[in-house]
Amino acid sequence: MAQPAPPLIAYTTVTPAVPEWLNKGDNAWQLTAATLVGLQSMPGLVVIYASIVKKKWAVNSAFMALYAFAAVLICWVLFAYRMAFGDELLPFWGKGAPALGQKYLISRAKIPESNVQPFYPMASLVYFQFTFAAITLILLAGSVLGRMNIKAWMAFVPLWLVFSYTVGAFSLWGGGFLYHWGVIDYSGGYVIHLASGISGFTAAYWVGPRLKSDRERFPPNNVLLMLVGAGLLWMGWSGFNGGAPYAANISASVAVLNTNICAATSLLVWTTLDVIFFGKPSVIGAVQGMMTGLACITPGAGLVQSWAAIVMGILSGSVPWVSMMVLHKKSTLLQKVDDALAVFHTHAVAGLLGGLLTGLFAEPELCRLILPVSSSRGAFYGGTGGLQFVKQLVAALFVIGWNLVSTTLILLAIRVFIPLRMPDNELMIGDDAVHGEEAYALWGDGEKYDPTRHSGWNNNNAMSSSAAPYGEELIAPSPYINGARGVTINL
C-alpha cells in the first residue's frame with residue numbers, strides 16, 4: 001500500500017528591511033571606491049616603499065606604511081573622523097567624538113556642517129574617508145625614509161592626524177570656512193597632496209638627513225616590484241577621484257576618465273624630457289611622472305573637461321620635472337633638506353599646480369553637479385572665474401602655513417621624549433638593527449656591495465651594455481635616483 005505524500009510546508013522568504021534613503025548602487029560604488037583607495041596604501045605604497053629604497057631599508061620603509069595604515073584607522077574611529085567631518089568646534093576644526101556606535105553608523109550618512117547627505121550609511125562614509133587620511137600619512141612618510149626613529153614615527157602618526165590632517169579636511173570638505181567660501185578641492189589636491197608634501201619636507205628638515213653614504217647612493221632594490229606598487233596606485237586612483245562625489249553619478253565618471261588621461265599624459269611628458277636631457281627613458285622617472293599627473297588632476301578631476309586634463313598632464317609632467325631636476329640644484333634649501341623620495345616635488349608642487357589650474361579650468365556646467373561649488377567657474381570661462389583662482393591661491397597658502405607650523409610643533413614636542421633620528425650605528429646597519437629582520441636575508445647585508453655581482457655595472461659605477469638602454473636593473477643601483485635629481489641642466 002502506497003504511503004501518503006508528506007504535507008507541503010510553505011516557506012516565506014524574509015527580505016531584510018531597507019531604509020527608503022538607501023541607494024544600493026551608490027553604496028556599492030562607495031565601498032568599492034574605498035577599497036580601491038585602501039589598496040593604494042595596502043599593498044600599493046607598502047610595495048613601492050619596500051622596493052624603491054636601498055635594500056637595507058626595505059623592511060623599515062614598508063613597516064612605516066603598514067603601521068600608519070593601522071594606527072590611522074583606530075584613531076579615526078575613536079575621535080578623528082568627527083574632528084574632520086563632524087559638528088563645528090572652530091571654523092577650521094570639528095568636535096572630536098567616537099564614530100563607533102551602532103545607531104550612528106547605520107544611520108544615513110551626513111556631514112552636518114555642509115549640505116552633503118549621501119544615500120548610504122555613515123559606516124560607508126567613515127571608512128571611505130579613513131582611506132584618504134591613511135594614504136596622506138603614508139605619502140608623508142616618503143620624505144623621511146631611511147633614518148626616522150621608528151618610535152618617533154609611531155608617536156608622530158596620531159598627532160599629525162589630529163593636529164594637521166583633520167584641520168585641512170574640515171576646512172575644505174567638512175563644512176569649514178574654506179568649504180563655505182567655495183574653494184575647490186575635488187578629491188584632495190590640497191588636503192592630501194599639498195599637505196603631505198609640505199609636511200614631509202618640514203619633517204625631513206627636523207629629522208635630519210640620512211647618512212652621507214645613503215644620500216650619495218640610494219639604489220632601489222627591485223624596480224619591477226616597484227612597478228607592481230605603482231600599478232596598484234594608478235588603478236586605485238579611480239576610486240580615489242571616482243568616489244569623491246559620494247555617488248555613482250556623472251561627475252564620478254568624468255573624474256575617473258580625466259584621472260587616467262592626466263596620469264598617462266604626465267608620464268609621457270616626463271619620459272620625453274628624460275629622453276631629451278638624459279638620453280634614455282627611466283622607468284623610475286616614468287613612475288614619478290605618473291604620480292605627479294595623478295596628484296595634479298585630483299583637485300579638479302570631475303570639474304574640468306578632458307582636454308583640460310591633457311593640458312594639466314602636460315604641465316604636471318614638466319613643471320615638477322623642472323623643479324626636481326633644475327631648481328633643486330639651484331636651491332640651497334632644497335639641497336640641504338633630505339627629502340628621500342622627493343615628496344615635495346611629486347606631491348606638494350603637483351598638488352599646488354593642480355589646485356591653481358582647477359581655478360583656471362573648472363567648467364561651469366560640471367561645477368553645477370557638485371556642492372558647494374555649484375556656482376563656480378574657472379578663470380578661463382570668464383565672469384567670476386578670476387575670483388575662483390584667488391580663492392584657490394589663498395587656500396593653498398593656508399594649507400602650506402598650517403602644515404609647516406603644525407608639523408614643526410609636533411616634531412619639536414616629540415623630540416623632547418624620543419630622538420627623531422636613529423643613531424648612526426643603526427643607520428649603518430638598517431633593518432636588521434631596527435627590526436631584527438631583513439627583506440632579503442639570503443643576499444646578505446646590502447652595504448656589502450660587490451659591483452661584480454651586477455653585470456650592468458663596472459668598478460667605476462659606469463653602465464655596461466647589459467644594463468642598456470635604461471641604466472636600471474631588477475636588483476641594481478639606479479643612476480636616475482642617484483644622479484638625475486639635482487643635475488645641472490641649462491634650459
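Cβ atoms here come from the backbone N, Cα and C positions, even for glycine.
Automated prediction, rather than curation, is the source of TrEMBL annotations.
Note that the structure is a prediction, hence the values are computed from the model and not measured.
The annotation transmembrane segment is assigned in TrEMBL to 28-52, 64-84, 125-145, 157-178, 190-208, 220-240, 246-270, 282-301, 307-328, 340-362, 393-418. Feature annotation from TrEMBL assigns domain 'Ammonium transporter AmtB-like' to 28-440.
Taking the domain 'Ammonium transporter AmtB-like' (28-440) as a whole, pLDDT averages 95 in the prediction. In this chain, the transmembrane segment (220-240) lies in contact with the transmembrane segment (28-52); the count of Cβ pairs under 8 Å, excluding pairs fewer than 6 apart in sequence, is at least 3. Under the criterion of 3 or more C-beta pairs below 8 Å, with sequence separation of 6 or more, the transmembrane segment (282-301) and the transmembrane segment (393-418) do not qualify as touching, having fewer than 3 such pairs.
The stretch with the most CB contacts under 8 Å to the transmembrane segment (393-418), chosen from 64-84, 157-178, 340-362, is 157-178. The stretch in closest packing with the transmembrane segment (340-362), judged by the count of Cβ pairs under 8 Å and taken from 64-84, 190-208, 220-240, 246-270, is 190-208.
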